[in-house]
Amino acid sequence: MSKFIEPSIEEIKLEKLYQDMGLSDAEYNKVCEILGREPNFTEVGIFSVMWSEHCSYKHSKPFLKQFPTTGEHVLMGPGEGAGVVDIGDNQAVVFKVESHNHPSAIEPYQGAATGVGGIIRDIVSIGARPINLLNSLRFGELSVKQNQRLLKGVVRGIGGYGNCIGIPTTAGEIEFDDRYDGNPLVNAMCVGVIDHDMIQKGTAKGEGNSVIYVGLKTGRDGIHGATFASEELTEESESKRPSVQIGDPFVGKKLMEATLEAITFDELVGIQDMGAAGLTSSSSEMAAKGGSGLELHLDQVPTREPGISPYEMMLSETQERMLLVVEKGTEQKFLDLFEKHELDSAVIGEVTNTDRFVLKYEDEVFADIPVQSLADEAPVYVLEGEEKEYNTSKNDYSSINVEETFKKLLIHPTIASKHYLYEQYDQQVGANTIIKPGLQSSVVRVEGTNKAVASTIDGEARYVFNQPYEGGKMVVAEAYRNLIAVGATPLAMTDCLNYGSPEKKEIYQQLIDSTKGMSEACEVLKTPVVSGNVSLYNETRGTSIFPTPVVGMVGLIEDIDYLKDFHPEAGHKLYLVGETRDDFGGSQVEKLLYGKVNHEFEAIDLSDEVNKGEAVKNTIRSGVASHVQTVGKGGLLITLARISAHYGLGLEASIDLSDAQLFSETQGRYIIVVKEGQTLNIDEAIEIGQLTDVDEFKVTNAQSSIVEKVSEIKESWEGAIAQCLTTVD
């Protein structure tokens, strides 16, 4: 008789309990076919999480296959815990972005904190030491108290985990729109550095080699977290609060240091973080990649309390855990290491020469599954898309009130300074941060060298909703420009695809078109995709979020000397690079004045992006520029105001544009601040003004003149978000 009371095989089938776990009738029947029998309760649980959208990408695999994944600098692409890219001198950068959207909607602090912890462990499992964190966040408008609470909880969670573990949060982006009401997006990115000969893989091979568990003892937290992340958010989602994991950054710090020491042991065969689907995914994926079988002895798994069943052990997503495969006979060496770091650890199984994934508790078998069926035989769904009906009417901007529009845009939380939020993050721990959060990409020095890694994370959801194909190209190009703006050579990217339900034809078409655009941009800009994540079913009460592909990109700065005086001063001249057109569809001014997204903006020219990018990068590296800013949300006037306010400098400019064009968001533009006595050699650059030491921001065109005190702009811009949050405890 079994030690654990669970539903019988007959009950699972007759009462269709598998549906509650996330399997459809067809998927359950396929499991029966694979096993040659009906599955027991633990086996159904294992298939349900491994075949969930979150783990199997069953609706998105066809789109992911089109991304370019190889390139001159790529050492390791998709398939492992994170991507690895060469930066010279036998060193590499390791990076990835992951989503933690659904957990953050239910429990914002822990959802965000464990998102940070999970992405850190992905980087550490490759053998890299993390050097910085980034995040991309989306919330509903801050006029809604629930959105204020979500924002405060998420920011506290990010800061609480990152600050405790000692990794600086150096860049990010946050946007607000009512399409994210009840369904915030929390995408966390981590970047690390490693020597080539220390790169690890998550593989289990070598018959008789041992499987070691290390980290927090397994509890009941996070059970079916992967399945929960693959569903729409509903009013019943609150009841799934136990599916949200609990983070412990202090144990996370110990685990990180112990892991980085363990990878120096020659006897280490493979290592993987226990992330989504916990012990199930880490063990079965390692076996599949190693072409081996595994036998786990679950009575040896460290548990937080007695009575935890094999089903619960395998599906728990308790945080701060790693799984290792080590050479037989060397187990004690690793156990002693983990004891030194005050971590629980145990030998819980061994590699076999079969193709079976076998789970035992004492002498009872709780699962016997073909390994490859979990990793490679999940169903893949190719659905039909359908173009949405676009709003093609033209909005009228001819009578725009420049001053009023400027002031309203400046204090909208999407455009306002995020200083109030970022100051809650430790930005300098490690003392290698060169450029902190604010206006630009992050730049972090590679310790012991004169090199630096630049990183950015970006999204353009309104544009992707407007025109998915062009919007997909645009988000990759935006990240590319942001790296160029600090003088970095873009190397590769990671992506997080946040969409609604793929079972809706319009959403599926957005996936088709936007990923096609992203893929084309990656090819032209030579930024292959080396890692990523997909988060679907981001819907609340039947309303989908905007399609929000987020791109994290890294670049290399071979010599940081030019950054020593990369800081604007009074007397430095301002140049605009790039043509300004009447591009308002998807823009912030369109949202402010008309609300809905109009289907109108011109295609992005990727070849022109490359040509301009090289010219701008060379200008920065030659020491001519003291600051470069991409022209982004809100348009040229807002971009100039942000530069002026951020540095506390006056600004005077005369621009040959219409009033409306001051707020146009035409892509591919840069503001270059040129040092006194230097000459800018970019043919299409137009001098538009200069920075001053006067407390005045003055921009004129043929129609209007806007004159404001810089100190007042700075106060409004930097204080807007704090002002929004004063209404919540």
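Numbers here mean position along the shown chain, with the first residue as 1.
A Cβ is built for glycine as well, from the same backbone N, Cα and C atoms used for every other residue.
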According to Swiss-Prot, Y57, K96, D495 bind ATP; so which of G140, G448, G532, G542 is the extra one listed there? G532
If you count other C-beta atoms within 10 angstroms, which of the binding-site residues E98, E317 is the most crowded? E317
Taking just the CA atoms, what is the gap between N101 (substrate binding site) and Y57 (ATP binding site) in Å? 16
For S99 (substrate binding site), name the DSSP secondary structure in the helix/strand/coil scheme. strand
Which one is it: of the recorded positions H54, K96, H100, R121, Q319, whose Cα lies the shortest distance from the Cα of D273 (Mg(2+) 2 binding site)? R121
Neighbouring CB atoms within 10 angstroms of the CB of N101 (substrate binding site), all protein chains considered, total 25
G532 (ATP binding site) and R121 (substrate binding site), Cα-Cα, nearest whole angstrom: 15
Within 8 Å of the Cβ centroid of Y57, K96, D495, G532, the other same-chain residues by Cβ around the recorded ATP site are L64, P78, V97, E98, T494, C496, L497, V529, S531, N533, V534
Expressed in Å to no decimal places, the gap between the Cα atoms of D495 (ATP binding site) and H54 (active site) is 14
